[in-house]
Amino acid sequence: MSFGSEHYLCSASSYRKVFGDSSRLSARLSGPGGSGSFRSQSLSRSNVASTAACSSASSLGLGLAYRRLPASDGLDLSQAAARTNEYKIIRTNEKEQLQGLNDRFAVFIEKVHQLETQNRALEAELAALRQRHAEPSRVGELFQRELRELRAQLEEASSARAQALLERDGLAEEVQRLRARCEEESRGREGAERALKAQQRDVDGATLARLDLEKKVESLLDELAFVRQVHDEEVAELLATLQASSQAAAEVDVAVAKPDLTSALREIRAQYESLAAKNLQSAEEWYKSKFANLNEQAARSTEAIRASREEIHEYRRQLQARTIEIEGLRGANESLERQILELEERHSAEVAGYQDSIGQLESDLRNTKSEMARHLREYQDLLNVKMALDIEIAAYRKLLEGEETRFSTGGLSISGLNPLPNPSYLLPPRILSSTASKVSSAGLSLKKEEEEEEEEASKEVSKKTSKVGEGFEETLGEAVISTKKTGKSATEESTSSSQKM
């Protein structure tokens, strides 16, 4: 094998010693990464340029390594020494270039490791964000449940307040009815008192009339006694006169006049006695009738007074009972009014507390929604960065694998075409320049295609991540599928470009 192939195999073996074989490198590079989009784009540009420079330098070294001395017998030792020095210089330059490329590739791999570390940190943060995004649902459920409980309590308080208002209205109507009844009873009591006063006046009049009648009866009795005394005196005088006249007549004509005088006296006495009896009977009858009338009036007045007193006593008892009942109802009404005021104050305080709680919960919900939207935007940005890094890493991996495949196939074909120990094949400078231009143009075209694919992937990811609120898992699955498709298309394009070169 020639010097260029040995040098390439040595470089490839040094790559494998430092970074492992291609399978481990591809597995390590295929992991997700995370960083800012600006850093990833600058890294992709620098790495694509370094890859293109590495490809051109490797192809140039390959072409120069396979140059052989011309097969002329007249080559002197000075030309051989010049060729040897030229080969040494070229080899030294190639070693320096490969060393620089190795250093740059090591820096690139270190950056990849850093990106992997950042990717793991971002994945942990994404898991935390998902967990935090899953929490607001429970917060919403708790908020809805507490809101339902508060609404139920508010409805219970409203129903209790309505019931208390109905009871208050009923008690107010009862108080109005009792107040009207009390006023009616008061009016009845006043009428009874007026009637009692009138009856008392009548009783006083009857008493005065009875006293007057008693005085009249006493005067009549005195007059009757005086009349009787006068009558007795007159009768005695008349009898004395008659007796004197009879004695005188007896002296005149005792025998003839005695029977007639006795009969006359008897008749006069009988007349006076009948007149006195009639007067006494008439006086007694008048007194008895007057006394009966007065007794009847006094009995009626006494009965009326007794009924009035009983009625007054009954009215007083009813008034006292109604007063006690009114006082009790007034106290109950005042207590109910105080309870209603306390209920209204407590209800107002509870409603204010519930309103404050609802406002606090709504503000918390708005904050949670804004925080969720911010986390969704951060997640979308991180997902865009992750997709861009996945695309870049997949493109770099495919480019490296394609370069390794191209160099290995190119070295084998050249070694198979030049089996002689001293081949006289020399690559012309035109072929070397065309190869370098093809490599650089392929690198630029690949870079442009990669940028276009990255823009398309970012647009696709931005379109898909706009629906993150509907489902994180669905968006993530679609992004992974699009990443795989993009990596596959990049692999196919890099393979086709390597085959064309």
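Counting begins at 1 with the first residue displayed.
Placed from the backbone N, Cα and C atoms, the Cβ positions cover glycine too.
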- line: Of Ser22, Ser72, Ser434, the residue that Swiss-Prot annotates as phosphoserine is Ser72
- line: Record (Swiss-Prot) lists phosphoserine for one of Ser30, Ser46, Ser335, Ser433, namely Ser335
Field: Site from Ser219, Ser301, Ser357, Ser440 that Swiss-Prot describes as phosphoserine, others unannotated there
entry: Ser219
Message: Going by DSSP, is Lys290 (N6-acetyllysine) sitting in a helix, a strand, or coil?
response: helix
Lys290 (N6-acetyllysine) CB neighbourhood, other CB atoms within 10 A: 17
- prompt: Can you tell me the mean pLDDT for the region 'Coil 1B' (143-238)?
  reply: 82
Task: Run through the region 'Coil 1A' (88-129) and tell me, per DSSP, how many residues are helix, strand and coil.
output: 42 helix, 0 strand, 0 coil
